[in-house]
Amino acid sequence: MSFPVEKVRADFPVLTREVNGLPLAYLDSAASAQKPNQVIDAEMEFYRHGYAAVHRGIHTLSAEATQRMENVRTQVAAFLNARSAEELVFVRGTTEGINLVANSWGNAQVHAGDNIVITQMEHHANIVPWQMLCERSGAQLRVIPLNVDGTLQLEQLDALLDARTRLVAITQISNVLGTANPVAEIIAKAHQAGAKVLVDGAQAVMHHTIDVQALDCDFYVFSGHKLYGPTGIGVLYVKEDILQAMPPWEGGGSMIATVSLTQGTTYAKAPWRFEAGTPNTGGIIGLGAAIDYVSTLGLDAIAEYEASLMRYALAEMASVPDLTLYGPDARKGVIAFNLGKHHAYDVGSFLDNYGVAVRTGHHCAMPLMAFYQVPAMCRASLVMYNTTEEVDRLVTGLKRIHHLLG
């Protein structure tokens, strides 16, 4: 049975837009995905008919909103195959989730003489918090280097791991190169060395099924807005024994058990002690609707369609003169490229004139740009609502730019 891409596209109202007099070809979902009507409607319905502050409310609307929020926590647990919903913390997104780990678990567990291992392909969100932790603690930051083809030099991992390695933090799929890292293998090696592992799943959850128990990762984090959900909501998964031992990061309402000016404060159990203040309940409701949406389509069917679309795109882009592609042949979700000696911003601006939206810049991955010795790249994203016709428009646009600019 073929993937119902036209039916899917009909659920995304923005895809009916025109840009510069041409139909929008939105190839920027790796930055942020568009939202289907089902997500938009779910959040609107909540604000129109069901909104109230969650926790401790005796009235019906508050109790209902609290229950709906906790139902989504249970839903996310099933989506990730977590053992318990109490292993999941609602955060603003991947960046906040990583910072939470660095500032709670990291401050308690990482000390002078210890080390943290990351990779050369990481998003800044999975670099800077660890740099800051190392500066605070006196720990060392170690880096798994890249190969030119965009894969990791995994043969270097054994030499980087030792008895003082506290954490390996790695992206599951590169936001620039589309490299799908062998995270299960890396997790197993890290655990043999006694280290914990954090997986940045921001570029993975929309492309295929995630099973945190099978991966055996200690931390897993993703953002809702890349999963066709709202902005400002994400999820941090932490193995229950680790999460219950972590000290709170932010103080305020909802994360306490008792507060006394003379006796001090006691804290709620996890995950609620990591959710200070009024949560983004509307965003949580929207995230639940997004998970419903992709689950109904089936992540296996989505993965199969996207893999076919990627093969088509790579074959067609091979016909563009002076086009440099970055990353491995086997990639997921994104294609990074430059056209001749033209700056990525110029290429992206021309493509926008043709109604084709791509991302340009360093993609929050400046160490990766330094490795390839370029200031910027263009990046086209391919997801479940994209089509071969949109790929054709990208290729035609690139050929036209090459002809115009030489």
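Keep in mind that glycine also has a Cβ here, set from the backbone N, Cα and C atoms.
Sequence annotations record features per position, and here Swiss-Prot assigns active site, cysteine persulfide intermediate to Cys364 based on sequence analysis. A C-beta separation below 8 Å, combined with a sequence spacing of at least six in one chain, links Cys364 (active site, cysteine persulfide intermediate) to His123, His124, Ala125, Asn175. According to DSSP, Cys364 (active site, cysteine persulfide intermediate) is assigned to coil rather than to any helix or strand.
What Swiss-Prot records for Lys226 is N6-(pyridoxal phosphate)lysine, and it gives sequence analysis as the kind of evidence. On its own chain, Lys226 (N6-(pyridoxal phosphate)lysine) has Ser29, Ala30, Ser32, Ala33, Ala202, Gln203, Val205, Met206 as residues at least 6 apart in sequence with a Cβ closer than 8 Å to its own Cβ.
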